[in-house]
Amino acid sequence: MPNVVVVGAQWGDEGKGKIVDLLTQYADVVVRFQGGNNAGHTLVVGGEKTVLHLIPSGILHPGKSCVIGNGVVIDPEVLVLEIDRLKAKGALKDDGQLVVSLDAHVIMPWHKAIDVAREQAMGEGKIGTTGRGIGPTYEDKVARRGLRIRDLLDEARLARKVKERAALAREELARLGAKLELDEPALVKRYAELGRRVSGYATDVSIWLHRALQQGKSLLFEGAQGTMLDVDHGTYPFVTSSNTVAGNAVVGCGLGPTAVDYVLGISKAYSTRVGGGPYPTELKDETGERLRKLGGEYGATTGRPRRTGWLDALALRYAVRVNGLSGIAMTKLDVLTGFDTVKIAVGYRLDGKVLDEMPSDPEVIERCTPVYEELPGWTEKLEHLRTWDDLPPRARAYVKRVEELAGVKVVGCSVGADRGETILVENPFLAR
């Protein structure tokens, strides 16, 4: 079977966790390759809801291996908490089911303090960070002064690095008008204990995955956030601190580009965004509030209400291009049931001209207004439907129009929250 990358094709929160959970049955290994616990995957299986922030969604499938790659930044407190919660639910019965990279960087208390202090200092220019220390941790990684999982396994090395890095953090926080209250010896003992808790899962992930491929195992790479939040290709600076696009899947786990055979982009049937930044199709009216309520658009990590709007075909086409998408899975199609008309942005109006591609400058995007194409809505409930032909004609027409505008096939539609409430037209693991 091929190896498949799943990435968000919008601004995150597209429902990647559900699709990964569905596709895991066809894979042997699920790999997380970037981001941290600023991402939240909400899974509903048999009516039971599980929210994961670090461990890949596939962990709910017995017999599947889940990998956290070197490109992920890990809050060890969160990782241990998720392990304990999963075990309490009867999942993760085999410790060999979870593999954690020794080279993944660690989120420390000062990263969170710096994250919050900076956001407060920015005033109206806030980016909308979750305050979980993701950005400062990636900064330390690039500056070559970060701590990695392997550092937690050597208490003497950990103590030395904590002393050095905490001093730098105090200086930065002082400049921001904040303080770092830290008992360094206690912190070292706590993080050494966390290191012992995760030591049984920690290994060289590159070697582990290479051997899995040699054994003929298939991989499912699970992205976090979305294309429009990529640090290089998103609406900078209103982005996350890592590369969220498909090209980073192999970089974030120690494999080469030939390991990827298929790239699946996940897009809602409408759109949402959390935090600041340009969002041309945003609806600040009753329709936007209706989408928010029907779609349950509140962050799995922060609980913040998401900004909502109609589907943006320009943004989706951009995601197709920068990820090299092979296909799209459309989620929350059921949320659009009951709307008299549904709209798709097919262009942007700017200074009297109509653009058919998304500008690369976010300040220019801010000045754009959407040009909409309207399609008739449908009233039929979709949750019980399981095949493409079962969908109401108007719902099928909507999906087909999105497919035409995006330039790639819509290979699946989610029609409800539960894993089983999905119509799979083409299985990426069986595609030729």
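Glycine is treated like the rest: Cβ placed from N, Cα and C.
Note that this is a predicted model, so its numbers are computed, not measured.
Summary of the site annotation: Swiss-Prot records IMP binding at D13, E14, G15, K16, N38, A39, G40, H41, T130, R144, Q225, R304. Screening the candidates T203, T235, T240, T287 against this entry identifies T240 as the one listed for that site.
Of the listed binding-site residues, namely N38, T130, Q225, the sparsest CB environment within 10 A is found at T130. When the binding-site residues G12, P305 are compared by the number of other CB atoms within 10 angstroms of each CB, P305 has the fewest.
Listed in sequence order, D13, G40, H41, T42, V51, H53 are the same-chain residues six or more apart from A300 (substrate binding site) with CB atoms under 8 A from its CB.
Highest Cβ count within 10 Å among the binding-site residues G15, G40: G15.
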